[in-house]
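Engineer: Straight from TrEMBL, here's the annotation block:
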| type | residues | note |
| --- | --- | --- |
| REGION | 1-45 | region 'Disordered' |
| COMPBIAS | 32-44 | compositional bias 'Acidic residues' |
| REGION | 117-211 | region 'Disordered' |
| COMPBIAS | 154-166 | compositional bias 'Basic and acidic residues' |
| COMPBIAS | 179-194 | compositional bias 'Polar residues' |
| REGION | 231-253 | region 'Disordered' |
| COMPBIAS | 231-249 | compositional bias 'Basic and acidic residues' |
| REPEAT | 523-557 | repeat 'WD' |
| REGION | 661-682 | region 'Disordered' |
Amino acid sequence: MPPKAPVKGKQSISTGADMPRRRTTRIREGDDMTDLGDGTDADDWSQAKTLEKPSDQLQLSEQDLKEEFTRILTANNPHAPQNIVRYSFKEKQYKQTSSVDQLAIHFSLDGNMLHKESDEAKRQKGKLGLAEASSDQAVSEAGEGAGAAEEGEGDKQEAAEERADDAATPAPTDKRKLTNQFNYSERASQTYNNPYRERGTATEPPPRATFAGNVTQWEIYDAYLEDFEKQEKSKEKKTIPGRKEEEKTRKKLTITETQSDDISRVSSASKIVERMVNQNTYDDVAQDFRYWEDVSDDYRDQEGTLLPLWRFSHDKAKKLAVSSLCWNPKYNDLFAASFGSYDFMKQGTGLILFNSLKNPSYPEHVFETDSGVMCLDVHPEHPYQIAAGFYDGSVAVFNVVEKKDGPVHRCTAKNGKHTDPVWQVRWQKDDSDNNMNFYSISSDGRIVHWTIVKNEMIYQDVIKLTIPDASAEGPDGIKVPTLGCGTAFDFHKQKDYLFLVGTEEGKVHVCSKAYTSHFIDSIDAHNMAVYKVAWNYFHSKLYITCSADWNVKIWEMGSKIDKNTDGTESPERKPLFSFDLNNSVGDVAWAPYSSTVFAAVTADGKVYVYDLNVNKYEPICEQMVAQKKKTKLTHIEFNPVHPIIIVGDDRGNVTSLKLSPNLRKVPKEKKGQPPMDASQKQQYELTKLEKILAMVREPTESNAAN
């Protein structure tokens with residue numbers, strides 16, 4: 001609609017003569033600019049207002065006037081650009097921006113505010129003459145000035161008298177803080193400063209020594225000649241080995257060389273520092289190893305758990321499998337591990353590593369071999385001597401003390417080397433001449449006795465694993481006896497002449513060192529290859545076997561071969577216990593602290609722990625240990641002192657696990673009685689095992705008759 005025309009009417013114009021009769025009163029002291037009229041000119045605005053209609057105004061009907069037109073107002077700026085493009089460094093291209101600034105400024109005025117007590121405000125008041133006006137603020141306007149002046153004089157006199165009274169009796173002055181004109185809030189805070197502490201330590205200075213010397217040309221020449229003579233002597237000694245005097249001089253030379261070497265001087269100190277750093281790094285694992293106990297075992301009687309502790313690995317052993325594990329008999333934190341390959345199409349080098357629980361990051365000693373190491377054993381009395389068997393059929397002896405990268409002794413094809421891989425070696429007590437000796441078993445069917453005499457290894461075949469029923473025909477029709485493939489053996493704990501042998505055919509033979517032509521006993525134990533045989537630590541007639549046919553069996557050796565009622569030999573022997581683990585069993589081991597506890601590992605990455613005293617049918621612990629899928633566990637070994645086990649897999653890793661209290665139950669000590677010694681503990685464990693065996697043994701003829 002068109003805008004209305006302004007109203008044309010008479011308006012009163014105030015002149016200068018009317019100004020005095022308009023009185024103004026101040027509303028408040030702080031408002032200097034607001035004035036109100038006294039109402040004298042209110043009649044000038046009460047006149048009636050007349051509306052004048054423009055001549056050119058559009059004539060609209062009532063219907064047109066009632067018609068509504070809807071208009072929508074938006075806040076968008078019509079002049080704002082819609083196609084702004086900016087470069088995106090993330091997508092590396094130009095992209096159109098979605099957000100556009102719609103703000104349009106129509107009016108902008110920069111203002112200025114000053115505090116009235118500031119220097120600049122005082123200067124401006126002085127220029128404008130506002131100071132005098134503020135001083136006359138209490139004075140009234142014309143018409144009431146005389147009366148107000150008198151009242152003001154009276155007030156001044158009263159104020160003067162009050163000041164005199166106040167001077168006579170002084171009172172505390174009330175200084176009020178002036179309010180801020182612009183409503184500022186003033187706050188102050190101060191932070192707390194911690195007190196400084198100074199600490200100082202003084203260390204003893206390292207010892208110093210002043211030395212001086214003159215070096216001449218002939219002294220340098222003599223030093224070079226001595227070094228050259230040492231090198232020539234060392235070459236001669238390498239060509240002529242076997243003499244004691246030469247060995248002594250060689251040791252002296254090595255001592256002098258290590259003393260001159262700077263690295264060897266700090267080797268022991270660097271080892272200590274390395275162990276300290278690792279102790280700080282793996283402090284939580286070390287605390288668990290020492291103090292952690294699974295509290296949940298108190299609420300379950302027939303179950304236990306395994307706590308993973310350290311994990312040992314080496315860069316050169318990643319593509320190899322752990323083929324054997326053995327704890328050091330003297331140092332309970334040290335163990336040896338051999339590495340080879342069970343994939344017979346991919347054979348290469350091997351390793352022997354010595355790891356310590358005190359330094360999980362790197363092995364203490366490393367031996368690299370040209371063939372895969374399939375087994376090893378640490379000497380029980382000389383823990384620095386290690387016997388090892390290789391995939392190429394040779395056996396060797398390593399000495400950790402001697403600074404030598406290779407073996408001290410190794411057999412060759414000339415002195416009794418096996419023709420197939422060596423699966424197990426085992427040290428025996430020194431013979432009557434105090435010569436160290438050990439046994440080895442191989443797939444070629446031979447069990448060989450090796451004796452170290454001076455600087456050579458002498459071999460002797462103990463027994464050949466012949467298969468009586470199977471024989472092959474030679475080229476001339478002559479029957480050639482077929483040899484079985486030996487895979488594992490174990491010597492009796494009390495009778496060292498008695499030993500067990502496991503074969504690839506699934507048989508277990510009881511053999512003696514005195515009989516080289518026949519077996520004392522033979523059992524068809526398994527349907528596939530036997531991977532491990534082990535005597536019980538406490539029972540002299542009990543042994544355990546495991547095989548690739550998924551079974552773990554416990555056997556009891558009889559005094560004679562079992563016979564039927566008619567006197568004929570029975571071809572089948574039944575085990576006392578048989579456990580099916582649903583996968584190939586790589587290794588089994590008896591616990592050294594209990595006669596009824598044993599553990600086994602399978603190819604699906606699981607560890608099984610059994611306690612016959614708790615449950616004769618099911619494991620009390622079944623736990624997945626392998627971190628990756630398709631990882632096979634190959635070997636397991638109990639620590640002789642600490643409640644931990646170590647497990648090796650086919651990816652070159654060795655994992656240590658702690659047994660929960662339910663997995664390592666020991667006899668409780670009675671109050672008021674001294675603790676049991678070794679013989680009493682042996683008798684207790686034997687009695688506990690005999691009670692269980694009496695429940696599963698088949699009754700004999702004499703018992704049946706009674």
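The backbone N, Cα and C atoms fix where each Cβ goes, glycine too.
Automatic prediction, not curation, is the source of TrEMBL annotations.
Situate these features within the shown structure.
Structural biologist: Only residues 6 or more beyond the boundaries of the repeat 'WD' (523-557), in the same chain, are considered here, and those with a CB under 8 A from a CB of the stretch are 485, 487-495, 500-510, 571-573, 575-590, 592, 595, 598, 600, 682, 685-686, 689-690, 693, 697.
Sequence-distant contacts of the region 'Disordered' (661-682), counting only residues of its own chain at least 6 positions beyond either end whose CB sits under 8 Å from a CB of the stretch, comprise 293-294, 297, 300-306, 538, 591, 593-594, 597, 609, 611, 613-614, 620-621, 643.
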Engineer: So what pLDDT does the repeat 'WD' (523-557) average out to?
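Structural biologist: PLDDT averaged over the stretch: 89.
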Engineer: Pull the DSSP breakdown for the repeat 'WD' (523-557) and write it out as helix, strand, coil residue counts.
Structural biologist: 0 helix, 20 strand, 15 coil
Engineer: For the region 'Disordered' (661-682), give the DSSP counts of helix residues, strand residues and coil residues.
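Structural biologist: Its residues fall into 8 helix, 0 strand, 14 coil.
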